[in-house]
Each structure stands twice: as structure tokens, then as C-alpha cells.
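The active site, proton donor annotation in TrEMBL covers 166. Look at TrEMBL and you will find 376, 386, 421, 435, 439 tagged as CTP binding site. Summarising the annotation, TrEMBL assigns compositional bias 'Basic and acidic residues' to 218-232, 244-257. Among the features that TrEMBL reports, domain 'Flavoprotein' is placed at 15-187. For 283-492, the entry in TrEMBL reads domain 'DNA/pantothenate metabolism flavoprotein C-terminal'. Residues or ranges marked as region 'Phosphopantothenoylcysteine decarboxylase' in TrEMBL: 1-287. According to TrEMBL, the region 'Disordered' annotation covers 216-283. As annotated by TrEMBL, region 'Phosphopantothenate--cysteine ligase' applies to 288-497.
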């Protein structure tokens, strides 16, 4: 069947290969497969062997109308080259849920089960929806694999945040099926409310190549992977605090014999135009710029000074603004995880680079949220070679960096909203309010470093939102929930413009 698009590729309908790995969230694949089918695409499910511990292949077969293969080498009458046939038939691959194990194997080109072997043979776009315990998701090895996947041309979808069954709060929940379906239809060139392809020939929509970090075009997917899938039936389950029902999540440990993930530089800029809004839409039509992460000020080729910041709060703000309908530009410095899928991501290193990126786009932006930890000082001189240690003390001469927020306040255009962040250890409200007034901000989000649950590196925050007229202290909440509260305050502030 070399020239055949496969049994699942029905006339006039694109085929989505739905990959399911071992996860407590695997049962959600049933609803996802059903929703995709109702949206007008043909669904071909493929499972890892351990995924069958969570959902039966027969369930997927009944919902999709197609066999759901599991074994790499068919034991019955199936094709001996089934992975090739499946790859040829697919117009798009969606791996949901994607366990930490499967992510690592795909990122490193391993392929010893049917799903990962098929992905290795695919030339179509591949979307990866991670789902796991929040600490597993934040693990540097997992983050390195996700960064590598992005650099190879895969599209990594940011997980949702929520309360995990283990009590953790943070990212790791598999996105809701409506979000995944909307993303799939967008990538296929289909309208969200119709099954007709965007192409005029009545066939599958034409899929366009994307630009990788080195500027060379490549199909929007990369290599594949393999290896035994290792489930974690408890780590990633997420419970809704409202109704106690399962809200997704999954996890799978990397095999002990798997190679360490290679490091990869993330793309300098990622673009994801026109993603469908997933929130209330109160920011629709607005251009929002968010900064995140910690700037780096180099001392010599191996040393630098920086601030504490993982970028999680800025990322949560960017994702929440995008979900509420805004066109979002994210200017990110050094961060602990890959950026979310927003309209444009620009990577910077130093405070000066961040200033240039923000200033260049300020006049075309409606809302600017400065959540990055920008260095106030930088070395006056940067050594070309590594500074050798001597017997006596070393003196590092520093100079002030540009105050980006103050510059924005001085150069703001009419109708523009400015939101700053402050981190204090004493006199939180007083110091933050003075900063708000001095820099001409509409609101400032004050963080008290001494408060448990707030500060660096965690998945929660406790903040006080300060405006010229009032101040509101928020209770302990996930950073995504804090982000939504901040955006609601911005919407309210804009209503007075």
C-alpha cells in the first residue's frame, strides 16, 4: 500500500494519528478521539503497550472506526511495515498524553515500539501534549528534551496547571480536549466549526513547512523515538478542586538505560499566529507584550551576574493573555522551561537586549507587562578572557542598566496600559506604591519574598495588586490563577482610559 494513504484516510478528510502513551490521563484519549471525529477528521489511534493498562484499544477502535494497533510487529494479518503505512497515512500526529518517557525517547530518536517508530517515519507535523506531575515536568532532563523537540521542529503544547492528586499545584495537566481539537484543526487549515479543508481541491489541507532556529525550512516535525513506556499511575493525576473529578495529567519515568538528553539551544524566536482564544475573550484585539525570566550580565566568558527568576510567572501571564484573545509577544531572558505557545517569542540575554526588544515594539503595543527580573547593574567592563583568580580580593565595578519601566512611562502612547512587578523583603506596599508613582504605571504586582508560597521557583504565588486608587491582596494561588487575576485588573484599569 505504498501509494495508498491508508484505511483511515477517508476521501476528503485529513487523517490525525492520535498517539497515546502510558498515563493516568490516557483515558481522556477516548473523549479526544470522539471530539476529533465529530470535528470532521479521520482518527487513527496508536498506543504504547503500557498505555493499554489505562484504556483498552477496543474503546478507541469503537470511537474511531479504525483498528488501534499496539505491537510493533503485528501478530495477525497486519502489514509487516505497519509503521510506514501509518506514517504515510497521517496528515498530522498528536501525541496526547505524552509521558516524560515518550518525550525523552522521541527527543533522542529512539524507536522500538509502534508509536515511536511511526513518528520517526512521519513527514507531517507532530504535536506533543506533555502531561505529568509538575515536578517531573520541571525536571531539567524533561525540559532539555522539550527544548530539543522544539529545536527539531516538533510543536510542544504547554500543559495546563491545576491541583494534582498528590497535592502539588502547577503545570502538568493535559490540555482540555477542546483546546487540542482547536489546535489540530488550525494546523490542518480547517475552520474550527467545519470539516472542509482549506484547500480548494477537496483533499487534505496543504501543510506548510516552518522555519527552524538555523533558518532552514523543514517539515514541522523531526525525528522519532522508541523504548518501553513506563507508566506512573499516581504522579500526574489532577483533581479539580471544584468537583473532585479527574482533570488530567500523567507521568512516565525515563528508562534507566536511556541516554542522557543532549542539550539544545532553543529557537531564538517562535511564531504561532492566529491561535484560537481559549478564555473569556476580554483581551481580544489587543496587542500584549510580556517580559519573563532573568537577564544575564556577563563578567567574562564563563561568569555572569543575574537575578533569581524561573520565568514561570511571566509565562503564565503570556499564556493567560493569549487564552483571553490577545495577540501576545513574549520577550524572554533566561528561564527554567520552554516558553508557551503564543504568537511570538523573542529570546534575549542582557538588560540592554531586553530594553531594545521592548522599546522597538512599545508603540504598537496596547498592554505591556514587565514580569522579568531585569538586572539593575552590569559590569562596567566585560573581560574577553576568563579572569584568573589571584591571591588578593577582586573588585568588580558596576554601572546602572537602563530602567525599562521608567522609559516606558516616559514614552507611553495614549491608551497604553503599563503593569510592573516588584519584589520586596520589607515595606512591600509602600515601596511598591512609590515605584508605581515614580514610573507612571497603571498597576504594579507586589511580591513579598518573605511570605511562604511566594517568591522564586515555586508554582504558587501570593501577590498584592496595587493601583493608584486601591490595593488588593490575593490569597495563595497557582501562578496561572494569579495571572488571570492580574489580567482582570488590567482590563478594569483600561476601562478607565
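Glycine residues also receive a Cβ, built from the backbone N, Cα and C atoms like all the rest.
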Recorded CTP site residues 376, 386, 421, 435, 439, farthest C-alpha pair in Å: 38
Residue 421 (CTP binding site): tally of other CB atoms within 10 A of its CB: 24
All-chain count of other Cβ atoms within 10 Å of residue 386 (CTP binding site): 11
In the chain carrying residue 439 (CTP binding site), residues 6 or more apart in sequence that have Cβ under 8 angstroms from it: 403, 405, 406, 408, 409, 418, 420
Least surrounded among the binding-site residues, given as 376, 435, when other CB atoms within 10 Å are counted: 376
DSSP-derived structure type at residue 439 (CTP binding site), helix or strand or else coil: helix
